[in-house]
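Below is one structure, written out as structure tokens; the observations come after it.
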Ligand SMILES: Nc1ncnc2c1ncn2[C@@H]1O[C@H](COP(=O)(O)OP(=O)(O)OP(=O)(O)O)[C@@H](O)[C@H]1O
């Protein structure tokens, strides 16, 4: 290979090789393989706590020193978040300082940062001009998605009619209008959102999705609907000069398709290191591979943990590609495994390993049973059996490991398993344990990891006394996310007050009231179909049921306020109506003041709506703030955070309450309102269908492409979801250093999404997460009996 790889003997500092040797010796076995990389592709599969970022930084510094890298020949390190990029950059600089080497020769960037860098240098090739374009994140409720849906509906009456008719339809008018509302405001926006991200980040344009739709012979032709929506989306985006995150990568790829420019980039790049490779999408992989290539070689090192892939069922991240990359590298003896980890006490490691093996074992047992039962005709031949976990056990580190206090001594039983009576009893037990632990060791930290923010809110409300009475800080991470929703909640209610006869505005308002637990949950489409009949029913309308009446009372109160209150008092009134708490009310107050400042003398409902829309649109990006790890892991603090967000962090004591089967792993769920289409959701089916096509392209393009039918695609999506939930549990468990506290209360809310933290509410008996009783059996000493 011709890429100027000089050996250390050329280095001018004689002591450098000794220093480099010392550095190499400070690494663990798998880490050393990373540091000894010389050329070509390499995969590193690591376990939680193995020191991925630590060894990546050491290996990068060693490489910069050995190969005398400089700004015109650099090592590129790609990460997925800005905070991870900042962390690795600081670590590499530190090492280079120790080696007395200039802190150049490398660049740490997020993948999108890198793509943007490439794309903006050649706007004519990338067709991206950031000075005139606006970057958006098209959520299902974004106006771009909504307008793409409307355009698709008006251009495709036949396909739309087929959806309206669903699995069965007797032609009844009210039902037809209800279905229209469900399709326009829920099903199609969700389908558009999913399919556009999935297809785009797999490198498929609308034409390609059209082609794929020819391979699928099913009733609705979901892929054809998807292709049409995607086509409309591209038109709407172009007309508004908007771009999304995938456009940045596509733009960069367009640039480096030019042979001359590609050569310039490739010459400047010595090698590419990718961190968190399990979260890559095909498009991202394509970009980094292209940058790392030189003639017939590709200097690409990908580091990841397939067992921590927890984004693949709701984003286009798909760990299958990293798994395949690992397999290919393995066959070429280019796979290294980092299996030693010093983060946790031995018993916590044992429990995590046990979960991994048990889940995989169950999986194999279940799929054998399934295979015996029926042979699926449309499962493509090249489909490999995907098991939830890569069989990779975590090991404790060796005695001479340089990590201070590696595999620390367990606190209490190290692993503690509880079956509290109910969710209130759970908080009492957690509270008591936290007070005891942090009072004894105020330099330690703790976290309660939850599956959904509602659980976090419930915990925070019930742990209020910790700061004052016990001097223990409580940091509920979801709280700031709730604050960021306030402007759009207020906007939605004001839009309804302004135009109560709009079914869309009424539905949005009802959704907010329902999400905040102010009105009973029900099919809102029925209420929103005829706003007039719902808000002001005449004697000809059948008597409204109690949940409808409650919803109506709230809505009528809002409309009454418009008549009775001056416009400038509407926002504070809405804050009260939504039962915002102290800090939330303060945010409402601030929002109200800001609007007043902008509208001096011109205050009207219409002008308020305009200003609010502007605030929401322009602040979308400020919302994504730089995360600093430090605020999540402060000593003497208990952090309440979702399991998803806990990835990459660790705490001395980790609490995992509410481990119930209906949440973890959860059950397949189709919203009742959309059941008329069948026992599946179009969005999930389309994702599985696109993935089947893209996987086929990767593994065996010569075979005939088989797109799974909706029922099979749905089954597959559900299996992947279940596997991901178990990986999420594994990520959560491996955050603990000294104590892992897990519980499954005997009673809890029917569903957290409709739970009101009110002691008078009926609790339901709950089934524990299937792994919980097995863990109790496997670790009998960890089962804790309690006195109250
Ligand atoms: N060779 C080593 N020498 C000294 N300390 C090490 C070594 N390897 C790892 N560590 C330490 O181990 C800890 C865990 O490392 P790190 O956070 O990089 O793990 P990780 O693999 O990213 O974990 P996860 O994927 O579970 O978040 C860090 O404090 C790091 O400094």
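Just so you know, glycine gets a Cβ as well, placed from its N, Cα and C.
No curator has checked TrEMBL annotations; they are predicted automatically.
Copied over from TrEMBL, here are the features:
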type: BINDING; residues: 46, 47, 48, 49, 50, 51, 52, 53; note: ATP binding site
type: DOMAIN; residues: 25-345; note: domain 'UvrD-like helicase ATP-binding'
type: DOMAIN; residues: 384-648; note: domain 'UvrD-like helicase C-terminal'
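All features noted in TrEMBL, drawn onto the structure.
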residue : record           : CB count, 10 Å
46      : ATP binding site : 28
47      : ATP binding site : 27
48      : ATP binding site : 22
49      : ATP binding site : 25
50      : ATP binding site : 27
51      : ATP binding site : 24
52      : ATP binding site : 25
53      : ATP binding site : 18
Self-check item: Cβ-centroid neighbourhood (8 Å) of the ATP site, 46, 47, 48, 49, 50, 51, 52, 53 excluded
Solution: 305, 338, 341
Quiz item: Secondary structure at residue 49 (ATP binding site) (DSSP, helix/strand/coil)?
Solution: coil
Exercise. State the mean pLDDT for the domain 'UvrD-like helicase ATP-binding' (25-345).
Key: 92
Exercise. Filter the candidate list 47, 48, 51, 53 of binding-site residues, keeping only entries whose CB is under 6 Å from an atom of ligand 1.
Key: 48, 51, 53
